[in-house]
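Taken straight from Swiss-Prot:
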type	residues	note
ACT_SITE	HIS447	active site, tele-phosphohistidine intermediate
BINDING	ARG550, ARG598, GLU699, GLY720, SER721, ASN722, ASP723	substrate binding site
BINDING	GLU699, ASP723	Mg(2+) binding site
ACT_SITE	CYS772	active site, proton donor
Amino acid sequence: MSNVPKEKRFIVWLDEVTKDDVVLVGGKNANLGEMIRAGIPVPPGFAVTAYAYKYFIEKTGLKDKIYPLLNSIDVNDKKVLDETTAKIRQWIMDTPMPPEVEEEIRKYYRELAKKIGMEPEKLRVAVRSSATAEDMPEASFAGQQDTYLNVYGEDNVVYYVKRCWASLFTSRAVFYRVAQGIPHEKSLMSVTVQKMVNSRTAGVMFTLHPVTGDEKVVVIEASWGLGESVVGGKVTPDEWVVDKQTLQIVDQKIHHKTLAIVFDPKKGKNVEIRWDENKQAWVSEEGPVDIEMVKHFHPDKPALKEEEVKRLAELALLIEKHYGRHMDIEWAVDYDIPFPDNVFIVQARLETVWSVRKEKEKAEKKAEIKGKNIVKLSEAKVLVRGLPASPGIGAGVAKVIFDPHSKEAQEFKEGEVLVTKMTDPDWVPLMKKAVAIVTDEGGMTSHAAIVSRELGIPAIVGTGNATQVIKSGIEVTVDGSRGVVYEGIVEDLVKPKEEVKAEVAGVGISPEQLLPLYPVTATKIYMNLGEPDAIEKYKDLPFDGIGLMRIEFIITDWVQYHPLYLIEQGKESLFIDKLAEGIAKVAQAIYPRPVVVRFSDFKTNEYRGLKGGEKYEPEERNPMIGWRGVSRYIHPKYEPAFRLEVRAIKKVREEMGLTNVWVMFPFVRTTWELERALKIMEEEGLKRGKDFKVWAMAEVPSIVLLADKFAEYVDGFSIGSNDLTQLILGADRDSNILAEMGYFDERDPAVLAGIKMIIEKAHSKGATVSICGQAPSVYPEIVEFLVEAGIDSISVNPDAVIATRRLVASIERKIMLKRLNKIMDKLNKLELGF
């Protein structure tokens, strides 16, 4: 190592660098050095220091030319900005590098080759910028300076180091610094020179979900070849979501990857290859592709093996642990090296979006609803879907633009929706004007996604065909939280949100004041709801979802007609649309919290009360245990009406993009009826899955006895304590006499024993258990029993949400203390020799 103080050296090895050297080597290099010291597999290399760059511009006199010129211009004048920055970059490239700096770069390149055991002229390296302000927590500056891959030979390395220095003065970099309030004089440039990984697969990963901010997962994006295709948003990459605790893959999306960037050893350069669907082969503009590694690529094949996904997740957690912060990481898998040594980390930076985001959502701006084509959510046509890259709602006139320097780009107005194939840093001035952004290509960590989140602009990426489907000049609404673009201005989504106070149970405080007051509980606290409009009053209460959404109110108040009557009149759409509108109102207001919608549970006498109902409903002596629940859905006479309910659910989930809606079957008596009802759902296109849960009400004693059998058909149960008490005790819930005598009591030992049986049997099969009857809202002692029995969630009336959450937290603490005391007693006995 050199005797010259580190801060005065032109070059330092990466393994000499620590996080304290950010000023000298920039954020990227400092992070690489930190990871090497932490034992993370990082390709070897060296850093051309910021001091070398500073020495260059001072010794050559460029400093006195560059900064006065830059500080004299208006960066919002794009023409002047482009001309000025181009002139500065040319000055840098035309000015010879001081010999003492150039020779150091050549020397270290030769030494790197020697360390690796390669001939210098054959050593391929990545030459990357590492600006001293680039990785500040306040701004990610995604793609601000240049990166050059597969560079080889001393002359080329020297040339591309200068190119990196010059990239400090692109229009986009200058614009960003001004926008972030960073003085140009304080922005210096270090350069990474690092051995290239022969990338079979490359990509990015986050140690939290980049869209939702979920801290319990690692999100990995991958595609074939070099990572430039992923980072640059040129391809929609494969995606894996990995649970941090178990390292199990909890979600996986394999996309059609038709583009890759690879190094062609015969041509000695990187080439962009595309999948030819007709030839079923990879081709480039220069003809057929004859690269050994590419033979293993296929557009629909996962770009990573499961073992590689888990290895990457392990490394992500090590890096996160080392820094104590959420991280944004670039990685590559080497084609020539066997697993697990083939996985390398090539960059890591602090995650910048969720790190600085407060509770406010910039994306959801308060604005008057303006537009010619104003529609309701239930009537809105879905134009395209994509990956929800930046949350929020944006609505306005769409403009399809393919070139950020085109006439169309110059005419782009503030408040319009930008629709394009993909973005790179040249698009930033346009992006800042946009009310929302939609791209054909890219993943959640593409340039469009990163910058949109940083700017607080709703964005959807990877739609595939937005530029073809969306026409310039039409009004659209972009839902960046769900990845859906609607035609028209959807008033339900864009209307101003007023401050809503939680005036429940005597609580009259704002959501901001309320949030810190409630404790976190292991047992989920859900809320029961019947009237959709009431969600505006209650949505800011501390509940984890809607555990029971009754649709009977929507049918009686919004639809009013018997569904079979509407079918006979040819007005099925009225029923579907109204039901969908009511459900969507609730699901939209609390997204992404789940909404468990119970299919209709009218009794025959209640159905007769609907307009036109008398024709279709028999008169029963005991409707409470008569033709209700699932028995109606599978009956040939009523099945068409049940199908309307299923279609409404499907519309909410698939057309409106509200995938937080689940369903629940009421009054389930047998497994065979449940099986038949599920089959009808499947025929209508709704099938149980990872993101679509199906529950059953547990209110008939047959479920108590056979919960483990019923669990084969559903994901969870919700105990209806009212009907369950009635049927276990044989006590009519509507009988005042029996109630006064104390017969109808959910706390009866027989009822509690039945509830405990349901929980135990359901859990033995992996099903969850909730309760949505009135008991928890009325009897605190039942809540304690339920928590101790291991129930997964408790759904209560709005006025009981806060009290129940606090009660559950207290009970959970008491249970933990009991267990701790037992452990301590055992330890004490062991120490005393008992």
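The count begins at 1 with the first shown residue.
Just so it is clear, glycine is given a Cβ too, placed from its N, Cα and C backbone atoms.
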I'm trying to understand the geometry here, so how far is the Cα atom of CYS772 (active site, proton donor) from the Cα atom of GLY720 (substrate binding site), in Å to the nearest whole number?
6
So among the binding-site residues GLU699, ASP723, who's got the most Cβ atoms within 10 Å?
GLU699
What DSSP gives for SER721 (substrate binding site), in three states, is helix
For the recorded substrate site, enumerate neighbouring residues of the same chain (Cβ within 8 Å of the Cβ centroid of ARG550, ARG598, GLU699, GLY720, SER721, ASN722, ASP723, site residues themselves excluded), in sequence order.
LEU548, ASP601, PRO666, MET697, SER718, ILE719, LEU724, CYS772, GLY773
ASP723 (substrate binding site) versus HIS447 (active site, tele-phosphohistidine intermediate) - Cα distance in angstrom:
55
Most isolated by CB count within 10 A, of the recorded positions HIS447, ARG550, ARG598, is ARG550
Near the Cβ of CYS772 (active site, proton donor), how many other Cβ atoms are there if near means within 10 Å?
32
Give the number of CB atoms, excluding that of SER721 (substrate binding site) itself, located within 10 Å of its CB.
26
For HIS447 (active site, tele-phosphohistidine intermediate), name the DSSP secondary structure in the helix/strand/coil scheme.
helix
Maximal Cα-Cα distance (Å) across residues annotated as binding substrate, namely ARG550, ARG598, GLU699, GLY720, SER721, ASN722, ASP723
16
10 Å Cβ neighbour count around ASN722 (substrate binding site)?
16
Excluding its own, the Cβ atoms lying within 10 Å of the Cβ of GLY720 (substrate binding site) add up to 26
